[in-house]
Amino acid sequence: MIVIPNVGPATPARWRKRGSSLQWGVLLTLMVLIYGSHAPLIALTKVDGQVPFSPSSCVVLIELSKLLVSLATLLVSGEASALYTPPSPVLVAPYAVPALLYALNNNLVVLMQAHMDPSSYQVLTNLKIASTALLYSFCLGRRLRPVQWSALGLLMGAGVCHSYSSLRSGDLEQAAGDFSTRLHVTAWGVSLVLLYCFVSGLAAVYTERVLKSQRLPLSLQNLYLYAFGVVINGVTYLSSDTKEKGFLEGYSGAVWAIIAGQAANGLLMSVVLKHGSGITRLFVVSCSMLVNALLSWAVLGLELTPLFLLPVTMTAVAAYLYYT
């Protein structure tokens with residue numbers, strides 16, 4: 001478990017608050033860096049334009065890593081006694097739901113690609129910001145002020161602008177002239193996008209509700225959560241068509257960096273959901289676009305357009321409006 005402890009009862013309130021703010025700042029900055037480096041790392045693993053490893057085996061290893069870290073943290077923190085008593089099925093069962101929802105979303109991502117071009121997918125999936133905010137307000141009973149709704153709308157607009165700014169003019173011209181890559185979205189594709197955004201928001205909101213509603217150590221809750229994740233994603237791997245590849249075939253240093261980063265991000269996100277808010281995750285993902293773009297420029301040689309400054313500014317203004 002990653003703990004953000006109190007500074008101490010004798011510490012003046014302003015120092016206690018300052019220390020807590022510093023810890024949250026470090027945690028969120030680390031998450032932004034990990035999120036932002038994810039896509040460039042995947043690009044570095046590609047061989048002849050193709051990912052040489054099995055993505056489903058990678059997901060299994062990410063879930064297994066989070067499970068092992070949660071178990072180690074539980075043992076180190078002196079709370080291992082919780083493992084000696086068999087848990088109640090009623091207590092554990094809710095942790096299976098997020099794993100099922102995330103597994104469903106992974107399959108929806110694949111299905112959506114068959115009913116729309118990649119650029120449309122990149123733009124339309126920004127709707128999950130709206131779905132998460134609506135479910136957050138409805139399911140958790142959190143009332144958002146009008147200025148906060150405006151901030152989330154601005155954040156969604158920033159995502160759309162960033163998706164558009166990442167398209168080079170040459171790509172747009174090619175899409176216009178080549179039917180196979182032309183911008184298109186079918187009616188079934190729109191339905192899948194709406195379902196994807198709903199499931200994505202529901203998974204985040206439901207996980208936050210479960211983590212906050214049970215008075216259990218976070219490391220124990222993570223243990224339950226990721227145990228289901230390993231089982232469900234393991235079954236998905238065994239039933240997929242990627243078994244002709246070896247489980248670790250095509251793995252490189254960059255792939256292991258992806259696994260370590262995504263495992264760390266999952267554990268950090270559980271801290272945010274337990275002690276903070278799922279809305280914070282939306283801002284983390286949006287802020288990571290700056291890291292993503294800079295790494296893509298420095299490592300992959302991709303071109304940055306002046307339009308890129310617009311979504312960065314919109315995200316900064318949205319964060320200021322929401323949290324002030």
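For all residues, glycine too, the Cβ spot is worked out from N, Cα and C.
Taken verbatim from TrEMBL:
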TRANSMEM  24-44  transmembrane segment
TRANSMEM  64-84  transmembrane segment
TRANSMEM  91-114  transmembrane segment
TRANSMEM  120-140  transmembrane segment
TRANSMEM  147-165  transmembrane segment
TRANSMEM  185-206  transmembrane segment
TRANSMEM  218-239  transmembrane segment
TRANSMEM  251-273  transmembrane segment
TRANSMEM  282-300  transmembrane segment
TRANSMEM  306-323  transmembrane segment
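If one looks beyond the transmembrane segment (251-273) by at least 6 residues along the same chain, the residues whose Cβ comes under 8 Å of a Cβ in the stretch are 2, 4, 27-28, 30-31, 34-35, 37-38, 41-42, 44-45, 53, 58, 61-62, 65-66, 69-70, 204, 207-208, 211-212, 218, 221-222, 225-226, 280-281, 284. For the transmembrane segment (282-300), same-chain residues at least 6 beyond its ends with a Cβ under 8 Å from one of its own Cβ atoms are 28, 31-33, 35-40, 43-44, 129, 132-133, 152, 155, 158-159, 162, 166, 272, 308, 311-312, 315, 318-319, 322.
Here the transmembrane segment (64-84) has Cβ contacts under 8 Å with residues 1-2, 216-217, 219-220, 222-223, 226-227, 229-230, 259-260, 263, 266-267 of the same chain, all six or more residues outside its ends.
Within the chain, the transmembrane segment (185-206) has long-range Cβ neighbours (under 8 A, six or more residues past its boundaries) at 97-98, 101-102, 104-105, 108-109, 111-112, 115-117, 120-121, 124-125, 127-128, 130-136, 139-140, 273, 278, 281. Remote same-chain partners of the transmembrane segment (218-239), defined as residues 6 or more beyond its termini with a Cβ less than 8 Å from a stretch Cβ, comprise 1-3, 54, 56-57, 59-60, 63-64, 66-67, 70-71, 73-74, 77, 79, 82, 87, 92, 95-96, 98-100, 102-103, 106, 207, 210-211, 266-267, 270-271, 274. Contact count against the transmembrane segment (120-140) (Cβ pairs under 8 Å) is highest for 147-165, out of 91-114, 147-165, 306-323. Among residues of the same chain six or more beyond the transmembrane segment (306-323), those with a C-beta under 8 A of the stretch's C-beta atoms are 147-148, 150-152, 154-155, 157-159, 161-162, 164-165, 279, 283, 286-287, 289-290, 293. Listed by sequence, the residues of this chain that lie at least six past the ends of the transmembrane segment (91-114) yet keep a Cβ under 8 A from its Cβ atoms are 59, 121, 189, 192-193, 195-196, 199-200, 202-203, 206-207, 210, 214, 221, 224-225, 227-229, 231-233, 236. Sequence-distant contacts of the transmembrane segment (147-165) (same chain, at least 6 residues past either end, Cβ-Cβ under 8 Å): 119, 122-123, 126-127, 129-130, 133, 279, 282-283, 286, 289, 305, 307-308, 310-312, 314-315, 317-322.
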